[in-house]
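Chemist: I'd like to ask some things about the structure below.
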Amino acid sequence: MEVRNNNKVNLCFSFDNLRNELSRPYGILFINNKIFLEFISKSIQRGSRIITVGDYVSRVLEENGIVPFLEVIDGKTKRTITQNRAITRNKEYKVTNEAGKIRFEIFEIMENILKDREGGVVFVDGEEDLLVIPVTLSANHGDIVIYGQPNAGAVVIIVNEMIRWRVRDILEKAIVKEC
């Protein structure tokens, strides 16, 4: 396949073969919102940036006065359209990402956004669930990445080299396909 002279590579990582592996939490699972919010507040006090992937966890934080550094949302919770957001941000980005996949370009986009000192909101046309992977790989050591575990609670990843190694291991098992 020729990709030279083409600004956009239309390739994705596909995770159909990894559904079972990806269904378990890859961090600390919080099932109690009070304890979860206390942990996040202490993390902010220690200087950690908070990054959320998912509408529900983003909304829980916002409703409790915590505005994440970066939110990655698709406007849906459990595939159901959610209400409009109450908080607006200075920087808003739009990306496209199909369900069960991660577009190659998302990795560079997330890296650039996370280098920015302002953060913001990434609106995903499609599905954001798997974008925890590029976010975790691009986040700073000590950043907190939060995503929802359906019917269980919120999963908190404290970014370090060990978790990056685990994420790269998952990524190596994914299948590269045309989007």
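Here the Cβ of each residue, glycine as well, is placed from N, Cα and C on the backbone.
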Chemist: Besides ASP55, VAL57, ASP74, LYS76, which of GLU111, GLU118, GLU128 does Swiss-Prot list for that GTP site?
Modeler: GLU128
Chemist: CB neighbours of ASP74 (GTP binding site) within 10 A?
Modeler: 23
Chemist: Compare all C-alpha positions of ASP55, VAL57, ASP74, LYS76, GLU128, the record's GTP binders, and send over the largest distance in angstrom.
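Modeler: Overall maximum Cα spacing for these binding residues reaches 13 Å.
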Chemist: Counting other CB atoms within 10 A of each CB, which of the binding-site residues ASP55, VAL57, LYS76, GLU128 comes out lowest?
Modeler: LYS76
Chemist: For LYS76 (GTP binding site), which DSSP three-state class applies?
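Modeler: SS state of LYS76 (GTP binding site) = strand.
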